[in-house]
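Q: Got a structure for you, written out below as structure tokens; questions coming shortly.
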């Protein structure tokens, strides 16, 4: 990092942290008590603070990573600063843990952008800082910086694990992956993703050698035709069936293999993935979740995905491959018809934005969910087009992880899209400075509206005196 870039990054991080502290104070003043899921998280952390480590709220469905880390940070800080009484594990003090995670996420996002795009000499230090700042203010993640939720810590350890993987520190990466798992079970998928990075790299090296041997056939690992994909899949099967290759890959990825094995032991002993209340967290094949994720990504990445050039390229692709797109349309319609699930929370809880998205869009008419298929197809095509700089093996690996982390979820919840979105966004090419500024301005606008509504547009339920607030 050059000196000017170091100063710029320090200034951006300090400024954003100061702004976050001011916003944190505003949120804490308006909402002093636990809100939404904090009703479960805060008492559980406070029980740990008092040394009651065997006490567990059965309504909590995630492992105790957040509470253990909170005690590990708050207790020593209280001892050093002489704090006593209720302030030690108060709601505000516990929420402040996520403010620290937010600062850590900013730093990790910058380091990841630097590592992933280090070969692109056209990218300036200012662009890297701007992109890291934008992702650190990603609205769905940034909002939960100010509440005692698992999302900032989950993102921190997953991003840290990914960074260590890229630097080849696989034992450290697996250990951090375990920490991420302790915040949310589905983060085990991103441990598989880290292992997949190693495998994809080796596959790409072998594929280049294969292409060199068959130069006359003009095969490309990045072409989109069906015949090329068939060749790639055939090569993939042959490579993975080789005992020699399997031994090599095992030697490289054994820390991740151990962690995934421990995960399966946990699932067997626990009798399932969910800890605590399982009645509202049943796994199912909810394939439209992929379409919701693509729509979510299209909304928050419109400077990348929705450009006149991309629209023209998509229309040209439609003209060239009408049969393929017709088949994709039929499959999409079938998946929506047979695999759409509506969780009871989605219909009952009017404090979440998803409630209004579902009611005002999908419930307008039975045909709406089918009429959105053309948009889903464009969003999927544009999504894949932005990843064309990555190898076909990386794309396949990411897509498998994306399916694994979204499809089994019955509830439409934007928080479930945070990590797959960040991984995607980190790996696509940099935009022009104008579009980067547009993206940052859009995130700032969404955050401003979100916090304004949360703080000022309160309401009450008929049978409750508690103040209710709108949130992600």
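Any Cβ shown, glycine's included, is placed from N, Cα and C.
Any TrEMBL annotation is an automated prediction that lacks curation.
What TrEMBL records for 6-27, 65-84, 96-117, 129-149, 254-275, 287-305, 325-346, 367-384, 390-407, 440-459 is transmembrane segment.
Describe the structural context of each listed feature in the structure shown, including burial, neighbouring residues and relevant distances.
A: Sequence-distant neighbours of the transmembrane segment (65-84) (same chain, 6+ residues past either end, Cβ-Cβ under 8 Å): 41, 44-45, 48-49, 93-94, 97, 100, 148, 150, 153, 179, 181-183.
If one looks beyond the transmembrane segment (287-305) by at least 6 residues along the same chain, the residues whose Cβ comes under 8 Å of a Cβ in the stretch are 138-140, 332, 335-336, 339-340, 369, 372, 375-376, 379-380, 382-383, 386, 402-403, 406-407, 409, 412, 414, 417, 420-421, 424-425, 428, 431, 435-436, 438-439, 442-443.
Long-range contacts of the transmembrane segment (325-346) within the same chain, counting only residues at least 6 positions beyond its ends with a Cβ under 8 Å from a Cβ of the stretch, are 280, 284-288, 291, 317-318, 352, 354-355, 358, 369-370, 373-374, 376-377, 410-412.
If you look at the transmembrane segment (390-407), the same-chain residues 6 or more away from its ends with a CB under 8 A from one of its CBs are 186, 189-190, 192-193, 196-197, 199-200, 203-204, 207, 221-222, 229, 232, 236, 285-287, 289-290, 292-293, 384, 416-417, 419-420, 423-424, 427.
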Q: Go through the chain and flag residues at least 6 beyond the ends of the transmembrane segment (96-117) whose CB is under 8 A from any CB in it; none is fine as an answer.
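A: Non-local partners: 1, 9, 13, 16-17, 20-21, 24, 66, 69-70, 73-74, 123, 128-129, 131-133, 135-136, 141-142, 144-149, 152-153, 155-156, 159-160, 162-163, 166-167, 422, 426-427, 429-430.
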Q: Select the range from 129-149, 254-275, 367-384 that forms the most Cβ-Cβ pairs under 8 Å with the transmembrane segment (440-459).
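A: Most Cβ pairs under 8 Å with the transmembrane segment (440-459) come from 129-149.
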Q: Short question: which residues 6 or more past the ends of the transmembrane segment (367-384) have a Cβ under 8 Å from it?
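A: Distant Cβ neighbours of the transmembrane segment (367-384) are 288, 291, 294-295, 297-298, 305-306, 310-311, 314, 317, 325, 328-329, 332-333, 336-337, 340, 361, 395, 424.
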